[in-house]
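Here's the structure, in structure tokens; my notes come after.
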């Protein structure tokens, strides 16, 4: 038995993740149009009507843009905490009552042999949370959209086999870039986004003996580059004794191209 997943899209313009077991298939977020979501699923040889439900992280548009359309078209259950439901209801349109499920923060829901654990992050949304998936002794941890990584968060995601980890910006590029200071300050704040270097430092506290893959996610298209993010993370990890390519590898994500479906 295996848990498989793909980062369908990740970046400032839209985010969506897919995972499946032998018995179930789920999305985490649907931050692109319904048409784009169809196309991304086709890239990995899957269809949206194969999906059993959608877990929502928070109400920002780059995570829920296509949520209402996809859920209505395919009659999919949506799982989100109460504050996120209240914050996003006007954005996603009418959802039938029997498709609306409350998934409280810091709880676990089970779907067959798949255990889904929610945990809070630090972001400027109503009640943002991400997820850890446990299946057949394997662990997949998703965590983006957080201004910092607390010890509590580290304890929850520690020793995952696969991480999807925010590596949003290069601080120098952000500071010298075109954004107004108010937006720069928000991104750099404790409720903003994690930089390349801070992401790598957090990784050094959570990488385990069985960690095999780390996906660098939610890269800013204005304040980061794939090559820069990878180099910065590799250098910071190496300075702490973690050598990429020995026991684990780093992988890029893209706002328009899904990563290959792979086993956790």
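Glycine is treated like the rest: Cβ placed from N, Cα and C.
Residue 145 (divalent metal cation 1 binding site) falls within neither a helix nor a strand when secondary structure is assigned with DSSP, and so counts as coil. The Cβ of residue 145 (divalent metal cation 1 binding site) lies under 8 Å from the Cβ of 57, 58, 60, 63, 121, 123, 125, 128, 130, 166, 193, 218, each of these being in the same chain and 6 or more residues away along the sequence. Marked as divalent metal cation 1 binding site by Swiss-Prot: 58, 60, 123, 145.
The annotation divalent metal cation 2 binding site is assigned in Swiss-Prot to 62, 63, 145 on the grounds of similarity to another entry. DSSP assigns residue 63 (divalent metal cation 2 binding site) to a helix in the three-state reduction.
Of all Cβ atoms in the shown protein chains, 23 besides its own fall within 10 Å of the Cβ of residue 123 (divalent metal cation 1 binding site). Long-range Cβ neighbours of residue 62 (divalent metal cation 2 binding site) (same chain, at least 6 residues apart, Cβ-Cβ under 8 Å): 11, 12, 13, 14, 15, 31. For residue 60 (divalent metal cation 1 binding site), other Cβ atoms within 10 Å of its Cβ number 20.
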